[in-house]
Amino acid sequence: MDRGVLPQAIALLLAVCSFGPTAGLAEGVQCDLQPVDPKVTYTTSQVSEGCVAHVPNATVGVHILFLEFSKEVSTLELTVQMTNPNGARPQEVLLILSVNKNIHLTLQVPEIPLHLAYDSKLVFLQEAPKAVITELPPSTTKNQLFLWANTKGSIISAAELDNPQSILLRLDQAPTSPSRCTLEPRKDMGHTLEWKSHTQASVLGCHLEGVTGHKEAHILRVLPGSEAWPRTVTVEVELSCALRDPEAVLILQGPPYVSWLIDANHNVKAWTTGEYSFKIFPGSNIQGVNLPDTRQGLLEEARKLNASVIASFVELPLASVISLQDRSCGSGLQPSPTTVQITPPGEGCNQDLLLSLIQPRCSDDVMTLVLRKDLISTLGCTITSLTFWDPSCQAEDTDDKFVLRGTYSSCGMKVAENVVISNEVVVNLLSSSSPQRKQVQCINLDSLSFQLGLYLSPHFLQASNTIELGQQGFVQVSMSPSIPELMTQLDSCQLNLGPDVEMVDLIQNQEAKSSCVSLLSPSPGGDMRFSFLLRGYVVPMPTAGILSCTVALRPRTWSLDVHKTASTRLNIVSPGLPDKGLVLPAVLGITFGAFLIGALLTAALWYIHSHTRHPGKREPVVAVAAPASSESSSTNHSIGSTQSTPCSTSSMA
């Protein structure tokens, strides 16, 4: 047998054996629990307040995260998943982030039409996601935000989290959930949301008086959740023993509907409620025992198992994964003298977060960046100087912030077409002998102009402001001036037909919304192009509309997008109406039709003349009834009908 498997097999055999009570133990347990070194983290779906709804026919599914942080600056990893890509889901997803402090956000999202709403003054994105960004309304309470979210779509989930470190949000809807999302205290979000907290669990330990030996006990008590349904809790145990290999007992107590999957790198004896199994033998379920559900009772249980040390005692909310790390491993209980955390000298200044706060803005021929001193202090940093590449351009030191600014013609600025402005920011820190440098860029949108034109042919020769129902339109968006350092892409395009008609989405998240829309190759000059087919049942009546497109602008050495919108007004008419001027094909058609009618009329007159006889030689004429109206009704019925097209507009209607 493999050496790595042998200890686990021995642990499994030992776990099956019964632990009999030790004779001669005193009735009371003398144990003074104190904070100790072992580290316990956990992932849970329990939130302080939340709700989950099932809205199968929602066009826009809204998910809200109310995030409360204790520090002025925190980091957050947010992962959005779609477990079943082929399952029922809204056409669009709106994710709302409401935060009370500054956060540095790392976001991972699937390839879906996603809208993201947050306060840009508090949320700093590590890199731009493929999402449409919306600014949250200012000074919004929880109730006001709920009302605002209801105007955007159907609320699928909402949750309030305290000090989250990482969040996993699954967009798959739970069929058993109610049809309306109503916030409930101590909500179990189930499969919809799991999260891990920045705040570590409180770990306590003690010596058990009157017990000799070196056996140590790790007690994990999982508290009941708001909903009782069968679930498995994975317990990861990592014991790093440098001096010796002590005996370890793992006591797991939880609600009766919880089973355990133990993944340990060390020989442990398991003593649990419910069923449990080891990861190396996942199919071998072992029946547990009845354990007391009080702290004193669990300490007594550890003493019965001859444990002389409670190496860790933790009470946790209902979790899906619990991770226990103990590096002292029975080498003697070392209670922490105080719960105050001392920051190691090498970790005093979080330089990565500090550099992420440097976000310049360009306007009125000036690049400006502002660093708040309270954020700098929270990161443990002390700035001695802040300059551009040209050290003579130093930041202004005010009471509450550093302000660094420079005109486009000074401080070593590099300017491309008066639009893309770049420089280098140099930060000198008290804790570092070498300066920190960051390349910065911003876009002067005031110097850019965009033109959006509609054409009725793929040659893009003559722009038009009128289009017929059922006609294919070709759109070109051009930017002036054209700048090689600036990448452009159509982020979204919509056709607004007024307040009484639903918006027609053509492009979303830089992708065609349906098969009626085609993204075309750029023009030789780099102009963005696409085509769309305007179906009759998309636009219910001849009307006027506004075609608008949002362009994503990004310098080639920058990770964030800047957006600019261009629009034009369209007249939408029914086929055959004289709302459009005559173009060359129409003139040629009318000329040919007139010629054909004249030729047929001449031939008819010649035929009548050649067959006319003397009145006396004419034969009697027999009156014949007119043809039934059904012959002409079929022709009249087809007037005004439109031919169906193969493209699907299910996502546009």
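Cβ from N, Cα, C; glycine included.
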Record-annotated N-linked glycosylation site (source Swiss-Prot) among candidates Asn57, Asn636: Asn57
Cys206 - recorded disulfide partner, Swiss-Prot, among Cys31, Cys51, Cys362, Cys381: Cys31
Disulfide-linked residue for Cys381, taking Swiss-Prot as the record, within Cys349, Cys362, Cys411: Cys349
Cα-nearest neighbour of Cys181 (disulfide bond) within the listed disulfide-bonded residues, Cys31, Cys362, Cys411, Cys549: Cys549
Among Cys31, Cys51, Cys349, Cys442, which are recorded as disulfide-bonded residues, the nearest neighbour of Cys493 (disulfide bond) by Cα: Cys442
Other CB atoms within 10 A, centred on Cys206 (disulfide bond): 19
Rounded to the nearest Å - Cα separation of Cys381 (disulfide bond) and Cys393 (disulfide bond): 21
For the topological domain 'Cytoplasmic' (607-653), mean pLDDT (0 to 100): 43
Packing count at Cys31 (disulfide bond) (other Cβ atoms within 10 Å of its Cβ): 21
Residue pair Cys393 (disulfide bond), Cys31 (disulfide bond) - Cα distance, angstrom, rounded: 63
